[in-house]
Amino acid sequence: MGKYFGTDGVRGVANKELTPELAFKIGRFGGYVLTKDTDRPKVIIGRDTRISGHMLEGALVAGLLSTGAEVMRLGVISTPGVAYLTKALDAQAGVMISASHNPVQDNGIKFFGSDGFKLTDEQEAEIEALLDKEVDELPRPTGTNLGQVSDYFEGGQKYLQYIKQTVEEDFSGLHIALDCAHGATSSLAPYLFADLEADISTMGTSPNGMNINDGVGSTHPEVLAELVKEKGADIGLAFDGDGDRLIAVDEKGNIVDGDQIMFICAKYMKETGQLKHNTVVSTVMSNLGFYKALEANGITSDKTAVGDRYVMEEMKRGGYNLGGEQSGHIILLDYITTGDGMLSALQLVNIMKMTKKPLSELAGEMTKFPQLLVNVRVTDKKLALENEKIKEIIRVVEEEMNGDGRILVRPSGTEPLIRVMAEAPTQEVCDAYVHRIVEVVKAEVGAE
């Protein structure tokens, strides 16, 4: 990660850390890096429903226009919608203004290249170098060489028509409950599932600029679970603010997370001959039960660091077509170049239709191991990982587990924290393992 770019673009509190002045520079320098080899390049911009979206969009547009780029505004649309349309509309770059599942005061800017993929580390480093220069030496076109701005608010419908064709039949006879987090999918998901002839119940579909992710969406699926039970729905689908995550709820009100969704997709794709190299890519945070369920079904797995960008890099490297995270980022690379909540939802409902099985039965084929994650504030993350007493207690606990569970101790990417996570056959055993390690971490490098 760089000075400005994190694992998912530039993020910060809008108008404090992510200011219009910075957004202008990001538009100007980012646009230049991605389009410098093209005459009159086209750049598309989408945003979620945050109140700060208009402010940052205006600044970004100004920066892009100042380089001579032609800018097309998509309005409110999901992140995967921008990724798809960047390639579909032959744009040289796409930009999404969103902070995903974060609270309303945050916002972010992420770029997509002409191929619809997020930027490489090298491209981000090139933009950062320009941002840090004391003098802006980029060309400044004048007169008719300046860029112009246009609107293409029909882009969302073009994207929906594309993902709709990935399912094998309509969803008539199913009652689907949707939670759109008052975010980017608020006007898209209800239209999509109604168009596929499902009966729908909705919540989180009244964005006002201030309520995105507020007690709703993929980080609060327990609210959707109540709606599913109240309405007698067959499935609940919860998206996050920018629509790149999905967490589901089965017909009994049980939460179905990203690991379970990946397993259901992997098993079906293997059975239908669609799973490339018979492999799923996941992160080190996926539940041990996920790996055991894959193994029982003859499917191999590839692990990466936490972050959907690392999952995507491994998928591209190995030629795999399914990957994701427990948090609900599911990447279906045959169809789209990033995590996509609505596309994942379509595939999940399609599997229910094709197998004629309820979601509880499909998800029940994977048994989740009890899990506990504890964050420990430390004085030095690097010292913690090198500390001999900490390494020794981890080794002792792993020996005691004897393969029937696992321990993961890793630093936070953004805070002075060490994350201690364990999975074991029972919650009691799991908790005991974690607390033994936490006590040693606190004693050795804990911050007051």
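Using N, Cα and C of the backbone, Cβ positions are placed for all residues, glycine too.
Binding of Mg(2+) is attributed by Swiss-Prot to D240, D242, D244, and the same site annotation extends, among S52, S66, S100, S412, to S100. In this structure, the CA atom of D242 (Mg(2+) binding site) is 5 Å away from the CA atom of S100 (active site, phosphoserine intermediate). Reduced to three states, the DSSP call for D244 (Mg(2+) binding site) is coil. When Cβ atoms from all protein chains are considered, those within 10 Å of D242 (Mg(2+) binding site) total 35, not counting its own. The distance from the Cα of D244 (Mg(2+) binding site) to the Cα of S100 (active site, phosphoserine intermediate) comes to 8 Å. The separation of D240 (Mg(2+) binding site) from S100 (active site, phosphoserine intermediate), Cα to Cα, is 6 Å. Within 8 Å of the Cβ centroid of the Mg(2+) site, not counting the listed residues S100, D240, D242, D244, the chain contributes D48, S78, T79, S98, H101, G183, A184, F239, G241, G243, R245, G339, G341.
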